[in-house]
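Here is the structure we will look at.
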Amino acid sequence: MSGRDNRGAGGGGGGGGGGGHQPLSSAMGKLKEKLTRVGDELGYHRVESNLSTSNTATSLDTILPEDPFLFPQVSPQRHPQSTVRTQRLLEDEPPLSFRPLLEDDDINEPPTQQLTTQQQRTPLRASGSLELTPLPPPPTSLEIREHRDRQQRSAQVAAEELQRSKQSLKGSRVSFERRDTGNSNSNKQAESSDEDSFEERRTGFQQQKATSVDHKGILKDLKHILANDNRRQFQAKKHVSLDVKGTRFLQDLLKESSSEEEFHKTRREFQGRKHQSLDPRVTFKLDKVLQGSSTDSDEEGDDAEHKRLIHRPKDITKPVIIDLKDLESESDEDFHTSRQHFQQQRSISTDSRKSRRLYEMDEMGNKRGENIRHAVPFVRQITEDGKPKLEVYRPTTNPIFIWTQVLAALSVSLGSLVVGFVSAYTSPALVSMVDRNITSFEVTPQAASWVGGIMPLAGLAGGIAGGPFIEYLGRRNTILATAVPFIVSSLLIACAVNVAMVLAGRFLAGFCVGIASLSLPVYLGETVQPEVRGTLGLLPTAFGNIGILLCFVAGTYMDWSMLAFLGAALPVPFLVLMFLIPETPRWFVSRGREERARKALSWLRGKEADVEPELKGLMRSQADADRQGTQNTMLELLKRSNFKPLSISLGLMFFQQLSGINAVIFYTVSIFKDAGSTIDGNVCTIIVGVVNFLATFIATLLIDRAGRKILLYVSNIAMIITLFVLGGFFYCKAHGPDVSHLGWLPLSCFVIYILGFSLGFGPIPWLMMGEILPAKIRGSAASVATAFNWTCTFVVTKTFQDMIDVMGAHGAFWLFGAICFIGLFFVILYVPETQGKTLEDIERKMMGRVRRMSSVANIKPLSFNM
């Protein structure tokens, strides 16, 4: 300022004075203009009066800068050496101050920054006598730029806030164009975080478009979701991946999108790979994008195809539980690979009945083959305490018919072959045993009755003991422990010198049969994958029928002693193969041996298979069983949730044995003799055995396709018809016309009867015993069911001859037929279908821990650890 301080003083007296007052007039004009603008004309007149009465030639240019209104805007502060108070000017107009010329109350102090000691200037003395204190120095160019930048940023922030308010109302471009951007009520709703307001604004379009979210709106909602763990409510409104990692990936995509077009492009790409929608129409549109047909020209045809896929009854599939955390993968590529073939290419419906079958897709997203038969949709299921229970049982991509599972099934099935041989032994052996020309000791009819009836009684004892054995020794070790006693029992019979040794051998064999019949289905149920559990689970029954057939054929050529020696040789290969297979992974988990369980699963599923998801499911299931278990397991059987599956298993065992099957098997030769058939009795038994064997293999092909209940229906109807026809034949033979020319009829009825029994009621009760019984009571409940089965077997075989004596053969067959008729209604009303379901799914359904999705739509989800 020193260069401009005394522009009027540089000349001589009058000239200099005149030159100095011209800038004063200019400055006074500026002052008047500014003070008048703020409504303070009185202050101006006071300044003018003071100047006119003063005797000074000092120019105001020595005091004022050219533009004193560029001072930065700061909050006003009191000068430490001044008591002058100022009047605030407009926010965008910096004030002006004349400290020596104005009165204290005229105007307020200017909003300048407080001066430091160094910044304070000494009073200036001009040519006059009045001392003037100068104003602070003018702002630098840097301060001016900062001031203007702050103003620009404030304006930009205000514009962005207005833009966000507009964008929050825009769900799509169409809906945004139809709305009034100046609607203040809509702006208030956009700022609201209330769920009802959110639903009201978004429900009209949110689930109807494949890319139906605005750039900023979904980002805001994603932040809300990640902060509050409120994923379920968000999932019902917006199209976001079910896994946390996918949601974070979407958030990154949104942040990186620099324009709306780029946002829609990345959004479509993301949805095409990870989209999970509760609205099937949305996902179907995404399917079109994946398949390269994103145009709407064929929309009507697409809608018709979609309805056919969604609502066709044959496309009903089974529910499965999904663990959201387990769906996370190490990389986006892994995620894409593991999910694209079974998760992204079809609709997710809140009602499992409307979920369509999965399609096997190629890399381009096109349908490559037939429907994947065993694929399952992902449906949330709820536990009995009302909280979501999330477990993982994804459709496996591991090979199913691998040799290790087949080897395990064949190994235990050889034990079933021994069981079948031992069970059928009395039918051909008693014929030669009662012959004194062959046997060195006398076998009375009463003793012969006990030879046939003691084995079921011993099976009852073995069934009771088998429950604790499989729990404490393990499934495999229990089965293995029966091999040597089978050999010993057959040797006792083969070397018998009296009836007592025969009875002892039969009792020991029956005890082992009771244990084996309990442990074999449990072992297979816990080792074989659900997709083939029905097929491989029937192998023990098929091999049991082979044992029966082998006994009948060998009995035609051997006496009872040689037949027993053959029975002693059969357990040897069974004993060798049992050493090659592992214990069940489920039993290892129940004993806390996680590493052993992992090795067993790797052996059963293959070394290249991913067994971790299945192992986690087993561990969670065992943890639930441990939390709910009690010390007294037998008391657990009486609980309502456990008694239901147990009663179904007992009912199946009851109707299996009361169909009369064991009476027919044990007394086949005698029945054909009484019927007066022209066919040799031994030949008839061989024919019955062959039919029994073939029918079981037919059942193995049908059980995983037709289901358990369908085969039970067919089995019941076939047995009802043949038993009533047999009863009519024997009634006519005893009381009616001559039926000797119908000697073929008993054999035909027996063949159809055995065929029907072997299709359903023969193998399925044992298979379902290992499926429907809960894990925590499986050992004790299977023990009770097995003991009950052998009790019924003992009653039927021991009383069959007495029934014939009392009511005749026709009465006995009619009684069995009536029981089968009742059993048909039992199957219809109470027996569940277990085809293709995991043991955990079956257990939840049997124990009543599954609810419909519609009944739990408002249940708060589990928290996510992120």
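Placed from the backbone N, Cα and C atoms, the Cβ positions cover glycine too.
In Swiss-Prot, the entry for N-linked glycosylation site among Asn437, Asn789 corresponds to Asn437. Swiss-Prot assigns Arg476 and Gly808 to topological domains bearing different names, which places them on different sides of the membrane. As a summary of secondary structure, the topological domain 'Cytoplasmic' (471-482) carries 9 helix, 0 strand, 3 coil according to DSSP. Between the transmembrane segment (683-703) and the transmembrane segment (750-770), the number of CB pairs under 8 angstroms, six or more residues apart, is three or more, so the stretches are in contact. Residues 405, 408-409, 412-413, 415-416, 418-419, 422-423, 454-467, 469-470, 475-476, 478-479, 481-482, 485-486, 488-490, 492-493, 533, 536-537, 539-540, 584-587, 604, 766-767, 769-771, 778-779, 782-783, 785-787, 789-790, 839 of the same chain sit 6 or more residues outside the transmembrane segment (507-527) yet have a Cβ under 8 Å from a Cβ within it. Contact between the transmembrane segment (750-770) and the transmembrane segment (534-554) is supported by 3 or more Cβ pairs under 8 Å, counting only residues 6 or more apart in sequence. Counting Cβ pairs closer than 8 Å to the transmembrane segment (483-503), the top stretch among 400-420, 450-470, 534-554, 562-582, 811-831 is 562-582. Contacts between the transmembrane segment (562-582) and the transmembrane segment (400-420): present, as 3 or more C-beta pairs lie under 8 angstroms, all at sequence separation of six or more.
With helix defined as DSSP H, G or I and strand as E or B, the topological domain 'Cytoplasmic' (704-709) counts 5 helix, 0 strand, 1 coil.
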